[in-house]
Amino acid sequence: MEILKGTFAFEGIVVGRIFLDKKELSNKGITALLDEREIDGEIERFRDSLELSKESLERLKTSLAGKIGEKDLEIITAHLMILDDPVYISDIEKYIQKNRTKAEDSVKIVTDKYISLFNKLENPIYRQKVLDIKDVEKRIIKNLNSKKNEWADLNGKILITEEILPTELLNMCQENIKLKGIVMEYGGETSHLAILAKALEIPTLMGIKNIFSYDWKKDVILDTTEQNSCVIIEPDEKTLEEYKDKIEKFNCKREEIEKSAFLPAVTLDGVNVSLNMNISGKTTKEEIDAVTPDGIGLLRTELLYMKNNSFPDEEEQIASYNDIIKNFDEKDPIIIRTLDIGADKQLPYFQMKNETNSFLGLRGIRFSLSEKNIFKTQLRAILRTAYGRNVKIMYPMITNINEIREANELLKEVKEELRQEDKKFKDDIEVGIMIEVPSAVMMADAFAQEVDFFSIGTNDLTQYILAADRLSETVSDMYDSYNPAVLRAIYIVKQAADKYGKSVSICGEMAGEQKAIVAFLSMGITNLSMVGGSILVARALVRSLDYTSLKNVKEQILQCSDSNKIKEILKKYI
């Protein structure tokens, strides 16, 4: 018996047969040279494959609409853009013509050149492009070979693989292939694949290094609960018996979670906890009603900008915001974050300057203040959308007090313009900021005197405090939100907010993690915003906790110097 530890994407416990997916990476070289007379036909074959690839992606997108979130479907849109890229297509066709190589070889050789180029670029957005172009390459070659359903044997099994591409997972969903679980070498908690696995509710374990070096047997136990996060190879009889009991308890807990869906998030001693939803794009009434959030704790506005061909005008933004918030009550809190682009989020129609490290460059509020007309248009749209509603504005990536003051000055200007135009808007709108960088933590007491609320973005705050890129697989083990430095930083912000009577919430991935919820409640933070899929579990956990008794937990975790010890303390409460 062997136990391998990793990080989980979606909680579950399953016992089952494995499917070992050792992908054949073609190192065979050029298969054969074409005769001159075959070149035109080969180019035509490549073009046919492109069309087949586009058609299958369009069908996939249509069939999954409404079943998964709009943000998850962005992956397909990105792949369709590559399949329509004239430079990429031309490079492959020229390679076929010049080198007389078959379409499959040409696609692989040209794509490898792109991947090599992207891997040399430091901008993190190109890491995702590498995954996207690999996925597209695989689809084109599959269609060139007219490969039939390659996933039929996966039904009801646990997939063991180095990596699985997002559209492969989406295709399985479309074809009703029910994966029992996934164990993979690559990927992290914030990867596309992790987000997708969570949306599709597939127990997934990532970060098993040298995955094919282990002696995989037919049956394994996959435990992706927050307490364990492991896969057990060839479990003995005693372990199998223990896990029968664990699975039964886990399923009972799931039933309790579902029962608490429409109950208030109130602790055993009567403290109300606000559980809000992070939203990126249009979300259906059914999706909202299924988890009954208290409001929107983070409405990201980037998607509207990213899917457009130009900057959206005021009316377009108002229509988009209204379309998202129409399914919430007028009194429900709605926090709209102003445009947060830069780093790994780019606009297709606006060329950002190439920066050595874009995560430390022109992003968030820095971009908005450098493009004031674009910023003012968005502020106008938010103010008008907010009329008659409990809508608030939040600025991202604040690093110094002058950014807050300059943004608020522009907000005043916009209000005056709207008054002059006799347009209805929310004059007394609350303004808050994201706390995402160490300077904001250290200046929280000063910032609290300039704004109405704080929202702590734990994803960026963790990577900036620890100098560990959350998208990098090489330092993924160093990206740890339970690092004492991160938790102490969060508590510093909470103390500053309390001193000046300002509210503070959490809106990163941590907000939906059970261990983290215990930590936040112990610090007195009772406003959390998370992905919809985490709300039911969070609500059930809150209802099982005694708020007063958690004060002792705060003292314990803030005195710890080791994140593993912190996790052990917090695990006792979930």
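Using N, Cα and C of the backbone, Cβ positions are placed for all residues, glycine too.
Take the phosphoenolpyruvate site that TrEMBL assigns to ARG337, ASN459, ASP460, ARG470: the candidate from ARG300, ARG366, ARG419 listed for it is ARG300. The binding-site residues listed here are ARG300, ARG470; among them, ARG470 has the most other Cβ atoms within 10 Å of its own Cβ. For ASN459 (phosphoenolpyruvate binding site), other Cβ atoms within 10 Å of its Cβ number 17. Sequence-distant neighbours of CYS507 (active site, proton donor) (same chain, six or more apart, CB under 8 Å from its CB) are ASN278, GLY297, LEU298, MET434, SER455, ILE456, GLY457, THR458, LEU528, SER529, MET530, listed in sequence order. For ASP460 (phosphoenolpyruvate binding site), applying a Cβ distance below 8 Å and a minimum sequence separation of six or more within one chain yields MET397, MET434, GLU436, VAL437, GLY508.
According to DSSP, ARG337 (phosphoenolpyruvate binding site) is assigned to a strand segment. Around ARG337 (phosphoenolpyruvate binding site), the same-chain residues at least 6 positions away in sequence with a Cβ under 8 Å from its Cβ are LEU298, LEU299, ARG300, THR301, MET394, TYR395, PRO396, MET434.
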